[in-house]
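S.K.: According to TrEMBL, the record shows the following:
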TRANSMEM  44-71  transmembrane segment
DOMAIN    74-276  domain 'TLC'
TRANSMEM  83-102  transmembrane segment
TRANSMEM  122-140  transmembrane segment
TRANSMEM  147-164  transmembrane segment
TRANSMEM  203-226  transmembrane segment
TRANSMEM  246-265  transmembrane segment
REGION    282-303  region 'Disordered'
COMPBIAS  286-303  compositional bias 'Basic and acidic residues'
Amino acid sequence: MRRFSAESLLLSLPLAHPVGLPVSPSWCLRCEIMELREWGVVAGSFAVFQLLFSVASPWLSPALASGFNCLAPGKHTEWNSRLVSTIHALIVGLFCLYILWFDDAVNADPVWGDPSLVKLNVAITSGYLLYDLLLLACHWSTMGDSFFVCHHLAALYAYGYVLSRGVLPYFANFRLISELSTPFVNQRWFFEALSYPRSGNLVVANGVAMTLAFFLVRIAVIPSYYTKVAANFGTPAFARLGLGPQVAWILSSVGLDILNLIWMYRISRGLYKVLGRALGKAEGGCPEKRNHVPESHGNSHTD
């Protein structure tokens, strides 16, 4: 049976909705305006995060942490990037939960549901990912991490279809739940940079919270995500996507989850070591020396 992509349907019906329903010229104009709005949000998001990194964070950080001014200049760059990362994660993660709980159109039709709110959230994230890729390129010697470059490119590849065609809104939004683990990952680095003892109560508590959050929003959700994928795979709605979005959806999802599993392994090993030191201290072991950030700092703010 011949498969028709959304583009071929639009060509055969000059004034048609992507699912093939005739509409008025005003609907087409509205779609064009919405696309301009979302690409404008991408550009605005990029600019705002760049300003937060260059202006807001250097100004606010000394007030938030007295030890900021004592850091080496190279660490100021990563500090600022992680503060921006935390702000982005909170905005996008909470917006994602709102959509999952209250956007009935997206939940009812995960492939072709009304993507308006999802596209806005994805546009914010896409602007952030572009800003972060530029930052990594400019500071590769101190912040470069090939895993993060792969992660960002895979996400942008898939999000491009969401922004340009409004497809797969439920799945695009679902991936953004992972942002809720990012503040804990960044806080771990802040503690390290400020030389908090690794067996200190705050560090241990954050390590446990980070591991639990990472597992809950990135690993534990994998079965439910792919159950939803399987339920829509091979349906007429899936067939209308066309090969490009289908490949982008499946490959990016698998690739991102492989990276998440690798990061989960790293985080679990780190927590095991921290808990071991904390238990040793509680049993009367030698007091721990104050910590210093390791020579190699991988970029750990995940998206």
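Including glycine, each Cβ sits where the backbone N, Cα and C put it.
Give me the local environment of each listed feature.
M.R.: Outside the transmembrane segment (122-140), and at least 6 residues removed from its termini, the chain residues within Cβ reach (under 8 Å) are 38-39, 41-50, 53, 77-78, 81, 84-85, 88, 91-92, 95, 148-149, 152-153, 155-156, 159-160, 162-163, 172-173, 176, 179, 299, 301, 303.
Long-range contacts of the transmembrane segment (203-226) within its own chain (CB-CB distance under 8 A, at least 6 residues past either end) are made by residues 171, 174, 177-181, 184-185, 187-188, 191, 196-197, 253, 257, 260-261, 263-264, 267-268, 270-271, 274-275, 278.
Beyond the transmembrane segment (246-265), the same-chain residues lying 6 or more positions past its ends with a Cβ under 8 Å from any Cβ of the stretch are 147, 150-151, 154-155, 157-158, 160-161, 168, 171, 175, 178, 214-215, 218-219, 222, 225-226, 229, 238, 302.
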S.K.: What residues in the same chain, six or more past the boundaries of the transmembrane segment (44-71), come closer than 8 Å to it by Cβ-Cβ distance?
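M.R.: For the transmembrane segment (44-71), the sequence-distant neighbours (Cβ-Cβ under 8 Å, at least 6 residues beyond its ends) are 79-81, 83-84, 87-88, 123-128, 130-132, 135, 190, 193-195.
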